[in-house]
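Take a look at the structure set out below.
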Amino acid sequence: MPKRTFTKEDIRKFAEEENVRYLRLQFTDILGTIKNVEVPVSQLEKVLDNEMMFDGSSIEGFVRIEESDMYLHPDLDTWVIFPWTAGQGKVARLICDVYKTDGTPFEGDPRANLKRVLKEMEDLGFTDFNLGPEPEFFLFKLDEKGEPTLELNDDGGYFDLAPTDLGENCRRDIVLELEDMGFDIEASHHEVAPGQHEIDFKYADAVTACDNIQTFKLVVKTIARKHNLHATFMPKPLFGVNGSGMHFNVSLFKGKENAFFDPNTEMGLTETAYQFTAGVLKNARGFTAVCNPLVNSYKRLVPGYEAPCYIAWSGKNRSPLIRVPSSRGLSTRIEVRSVDPAANPYMALAAILEAGLDGIKNKLKVPEPVNQNIYEMNREEREAVGIQDLPSTLYTALKAMRENEVIKKALGNHIYNQFINSKSIEWDYYRTQVSEWERDQYMKQY
């Protein structure tokens, strides 16, 4: 949704005119999970005065119990009424930044951390970092108890229409709800895998775009349930089909000028664009754990399913990590194709931006573009042209993250350490599990 500017008086007026009954104060933890404190509208003045307190020790990756008091400072520009609550007492949403009791931003708040990295970008002379995401998701049927099953709601394919695309009605209702909330929807279609869908919305500045991603996920899950469906942003819920990605289309601006566009060069790209790309490539292994944060994420990053496994770039080829779409002028952008929808968008974007700024500050040279299908190249051919692999497991991604100072800087000490600790526990828990596949393979043979 486009950036808006609201005052306290605007919020009071909206709440009264729309007969809002409840306020949902939302924020995001380091795992990308939406958290909220819901209060009756009678608490509006307390909310507007930044006096809403919550227990930070109850939130994954925040603080210890002895330093748990946190305050929610609402971003008034994020005010929106959830359309589906109109019949049962309207609920309005405000996205909040998390503050400590001394009045300073909490260093463990991913949204506040992204703002910190954006300030570093501004110090280099850039004014905006824009993001256009492409989130994908699956729709599964619910059982009679309302629990998700593994039964897909259709067997459609890429760009299919009804009757093959049985998710069309659900997807249309999602789009209508998003538009009612101010989203500018650009495309909505069935994706490659059965039961898989994509809805694209217009790019926005970094913080607004990440807010939009979190709002989008909430709306998709809410409306899907009304259709007796479960929407999941799990990267690879099924074996043998494409997983769900969330490509990040990013661009830097200086005022009204796209800092990536130069009409006088062969590819229409500036030196800044090449340096930014070089920085992303250099730090790609280090930010993979952030952009692909689940054990399951690495089931998607395998050859043969249009997801990148290799660190390279191209102007047209979709097999490398980075693609530069053909649009130029103000639409010039770099597409980072590895990100999946389980990622915390604030953290993923902070990591990608810091990686790109590393390239700009150090004037890194971008390697030659790779225009052949990397999936068809063997290891010797890839090594001959300097193509590295992305990490293939959460374990190797965390190892690469520990070795990368740029990504540590991007996240700050608190988020960096808490994230690595949480994900290391997740990996240890996963590696000790015994799967159905293992029993099928080995029980009888051994």
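Glycine is treated like the rest: Cβ placed from N, Cα and C.
Going by Swiss-Prot, these are the annotated features:
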type: DOMAIN; residues: 18-103; note: domain 'GS beta-grasp'
type: SITE; residues: ARG64; note: site 'Important for inhibition by glutamine'
type: DOMAIN; residues: 110-446; note: domain 'GS catalytic'
type: BINDING; residues: GLU134, HIS247, GLU335; note: Mg(2+) 1 binding site
type: BINDING; residues: GLU136, GLU191, GLU198; note: Mg(2+) 2 binding site
type: BINDING; residues: GLU186, SER251, ARG318, ARG323; note: ATP binding site
type: BINDING; residues: ASN242, GLY243, ARG300, GLU306, ARG318, ARG337; note: L-glutamate binding site
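For the recorded site, HIS247 (Mg(2+) 1 binding site), the DSSP three-state label reads strand. Summed and averaged per residue, pLDDT over the domain 'GS catalytic' (110-446) gives 92. ARG318 (ATP binding site) sits 7 Å from GLU306 (L-glutamate binding site), taking the C-alpha atoms as the reference points. Cα spacing between HIS247 (Mg(2+) 1 binding site) and GLU136 (Mg(2+) 2 binding site): 9 Å, rounded to the nearest whole number.
Surrounding the centroid of the Cβ atoms of ASN242, GLY243, ARG300, GLU306, ARG318, ARG337, where the record places L-glutamate, the chain contributes additional residues within 8 Å, namely GLY245, TYR305, ALA307, PRO308. Rounded to a whole number, the distance between the Cα atoms of GLU134 (Mg(2+) 1 binding site) and GLU186 (ATP binding site) is 10 Å. Residues within less than 8 Å, Cβ to Cβ, of ARG323 (ATP binding site) and separated from it by at least 6 positions along the same chain comprise TRP313, SER314, GLY315, LYS316, ASN317, ILE334, GLU335, ARG337. Of all the binding-site residues given, namely GLU134, GLU306, the one with the smallest number of surrounding CB atoms inside 10 A is GLU306. Across the domain 'GS beta-grasp' (18-103), DSSP classifies residues as 23 helix, 38 strand, 25 coil. Neighbouring residues of the recorded Mg(2+) 2 site, listed in sequence order and excluding GLU136, GLU191, GLU198, comprise GLU134, PRO135, PHE137, HIS189, HIS190, VAL192, GLN196, HIS197, ILE199, SER244, GLY245 (Cβ within 8 Å of the Cβ centroid).
Within 10 Å of GLU191 (Mg(2+) 2 binding site), counting C-alpha to C-alpha distances, fall the following of the binding-site residues GLU134, ASN242, SER251, ARG300, GLU306: ASN242.
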